[in-house]
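*Asks:* Once you've had a glance at the structure underneath, I'll fire off some questions.
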Amino acid sequence: MFFKNTEDQMELWDKGTDGQSNVPLLHSLPIQRTCDYVLVANKVDDDTNQRSLRQSAFLEELKKKNIAVTEIKFDEKIFFGLRVPSEILENYQYLLKVSDSCNCCREDNGISQANKIRIVNFILNNTFINTGENLEELMRKDVFETMFCLHEKKDQKNLQQKWARWSALFKEQPFDDIKYYFGEKVALYYLWLSWYTKLLIPAAAVGVVIFLYALAFFNTSPLIKEVCDSNITMCPRCDGNKAQSRCKAWQLSDTCTYAKVSHLFDNEGTVAFAMFMAIWATFFLELWKRHRATYVSKWNVYDWCEEEEELIMKIVNDPNCQPKEFRHSYLRSTLVLILVTVMLMLIIGVALAIVVFRVVAAPSISKSEWKFMKDHASTLAVMLGAVLHYVTMQIMTR
């Protein structure tokens, strides 16, 4: 089964029984009706069935959000192709541009396919039908079987040629192409992995030198000679009358092999290697910050804030959300000023009250009838003040 593109149409074809002739399975579909996401469900013949009703209700909710739905039936499956309209993408880009925390400009040629998929995925997971069920719950009840996003064939082939092959092992990774196809998060991960691998080369070289040093002086090491040529008898490894039958005295020279193997990885050069790795770790982190800053500035995600973007997604997901024109109000400004002043006075008052409490609490506790409280009056006053301070912080935070 495969898709066949003509000049202005896309058709689903299948190979014939002879393996040569091609048989069209579906009617021709316009090429411009491509999809960003696909929902898959089992075909239900009865329209009054609960699964069918929930299916229809969920798709209607998507249509209310201006998501284009294309239905394709094949065998016992129904494929619902979903495409996000350009208005939602434009609103997303505009809100990112004017945001205080996610202020960035996307590509001039439009939003990337990875971000389209993220937007559709967010809308799907935050769409609820009248029963309060979302897509995850509907999939658990077999209303929908699965969902998946689509690959961009041209970009996929480009990545396969430049990146996902053994011949590109020693070439620089195409981070810009990875970013456009998979998004900034995935691209930054491979950027870090590439940088980490490069910086491991000098660390590995020094480690090999230390290992060769241990191997060169393997037979002349005084420690190994002392252990292997020793005539010292060691005490049993366990105590007790019953243990004497099982545990016996042993010779130190029995650990000769263990001492030799240990010397290869734990020798005089290991101290120098540990010092080198401490310096290497510092250099790695500082150089990585500079390397990362180069790309995040280039991709305009230096001041990216996931919480702010999630808020933008929620605004885009709500079709009834209408922007309001800002109008200055002296009444609101005065009210906010009064409330802020009251809260500041309250906080200052609470802080002073805690200080006064600590001063007054110590003499009061020292007058107690209990000897323990008399002896530790100052300590108890400080502890009670700290507990009161913690409780006050929690209440004011709420």
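The backbone N, Cα and C atoms fix where each Cβ goes, glycine too.
Where the annotation comes from TrEMBL, it is an automatic prediction and has not been curated.
Remember, it's a predicted structure, so these values are computed and weren't measured experimentally.
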*Asks:* If TrEMBL is the reference, give me the range from 77-96, 377-396 marked as transmembrane segment.
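*Replies:* Comparing 77-96, 377-396 with TrEMBL, transmembrane segment matches 377-396.
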*Asks:* Tally of helix, strand and coil residues over the domain 'Anoctamin dimerisation' (107-174) according to DSSP?
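*Replies:* Across the domain 'Anoctamin dimerisation' (107-174), the residues distribute as 32 helix, 4 strand, 32 coil.
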